[in-house]
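Below is one structure, written out as structure tokens; the observations come after it.
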Amino acid sequence: LLVFRWWQMFSNLEVTGDIGPADEEVMDKRRCACEDVMQKDEVMNPELQPQQFNLGPKWRKTALTWKITKFTRQLNQDKTRREIARALRHWSDVTPLTFREVAGESDITISFEVRTHGDGASNSFDGRGKVLAHAFFPSNGDVHFDDEENWGFGDEVGNTKTDFFTVAVHEFGHTMGLFHSDVQGALMYPYYSGYNASFRLHDDDVKGMQSLYGPPTGRPLTTPYPMTTSRPTTPAPRPRITPAPTPRPTPRPEIPEFCNVQIQAAVRDFDGTLFVFTQGNYVMRITETGFLDRIRTNNLFRRAPWSMDAAYSIPSLGRTYFMRGQRLWEFDRMRNPMGTILVQGGPRTMPERPRAVIATSASGNDVEVFGSGILWRMKMNGEVIVGSHRYISSQYSGVPSMIDAAVRWDSRTVYFFKGNRYYRYDTSRRTVIGEGDFGPAFLKGECGDAPR
């Protein structure tokens, strides 16, 4: 109910908590598939007004490249390329960003796709109508258009087609790091507004993008031909030698707030994607190349708890488990996306509230549960195994107390997370073999780039 009230507020509807004709009309509109992201504290305070623009990660460079890897048969290919260049130009006109089409490896990859197309079942297209396209945030750069939509250019679209240019400018806004805006009339408003012959970016769009990259920088003037100068008739004065100024130390760049993740729980999916669960019912999806996107937890795990104490996964079985208070949920996203509450009355005889969980075997018949300073083993029915209590420091050398999450990475590696730090534990050597900041090692992009 709280999420629906927030959606009504975000969509500029009367906040009632009930579905009415006006809500249904908005739900039926064509729109972008990217999430309508809440700002911090809006979940718990639905009466707060959302900020004018919603910012995500950004590119760490300003010269970006793009290419189309898959065209649609509906549109002329040359004109499609020109419309993409024109769409990107609207963003480069208000920022220092530049865009160049290339044939080889590119920062931004554009394609037309249908239904399930390789980036997860939750990102599948729905056929004609409603969902038009989606894009991923820096530094992923993928932009996908639903090839089952009826695409067109400009004034030819009428009421039956969707203007490709309008949707493209919006999706490129996501690719640069903008989330959806709640400002009606803004390009980054999630719902398709139709073709506009006199299109220009809304002030909200410009302010949002310039909050990430700043205003455009002046380009040096160039002359088409070299200018000649006559030789001076008097000797040039000898230049006065002045001591070189003492260089000031370069200030250390501030770490973006986006990089300081408050982790509630984390699991590794069957395809290797790391799911990091954060406040506000969100999950960040992270691949080997870094941050992929951030979406609502309930989009992947329906009926998942609003917040959780711990989570673990058994990738070989495709199952994910959440623990909160006295309940244990089981999810199989392929067979049972709604989830099943395995334990209702609570993990029995648990000495304290769990902070992290890892499976101790591929079958997951029992798990290891981490508290503040001790750990214990638990069966799948929630029963704590008698005599299994141990101090974390005695079993996991180098792992700190009060951890926030843990992930079994492979047969010999477990990652522990505390605050903004991670600890890589080798199960065969029984010690921590590496540690570092979470952002550069996992999110990458503007958070930095460091090995794990």
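Yeah, the Cβs are placed from backbone N, Cα and C, and that goes for glycine too.
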*Pick from MET188, MET209: which one does TrEMBL list with CYS32, HIS170, HIS174, HIS180 for the same Zn(2+) 2 site?*
MET188
*Output field, Ca(2+) 3 shell: CB within 8 Å of site CB centroid, site ASP126, GLY127, ASP146, GLU149 dropped*: VAL114, PHE125, ARG128, GLY129, LYS130, VAL131, LEU132, ASP147, GLU148
_Please give me the recorded positions out of CYS32, ASP107, HIS117, GLY127, GLU171, HIS174 that lie within 10 Å of ASP147 (Ca(2+) 1 binding site), comparing Cα atoms only._
GLY127
*asked:* So among ASP119, ASP126, HIS144, GLU149, all listed as binding-site residues, which is physically nearest to HIS180 (Zn(2+) 2 binding site)? Use the C-alpha atoms.
replied: HIS144
*Which state, by DSSP, holds HIS170 (Zn(2+) 2 binding site): helix, strand or coil?*
helix
_Counting other Cβ atoms within 10 Å of each residue's Cβ, which of the binding-site residues ASP119, ASP126, ASP142, ASP147, GLU149 comes out lowest?_
ASP126
*Taking each of ASP126, HIS134, ALA356 in turn, which of these binding-site residues have a Cα lying within 10 angstroms of the Cα of ASP404 (Ca(2+) 4 binding site)?*
ALA356
*Distance, ASP146 (Ca(2+) 3 binding site) to ALA356 (Ca(2+) 5 binding site) (CA atoms, angstrom)*: 39
*If you measure from the C-alpha of ASP146 (Ca(2+) 3 binding site), which of the binding-site residues ASP107, ASP119, HIS174, ASP309 fall inside 10 Å?*
none
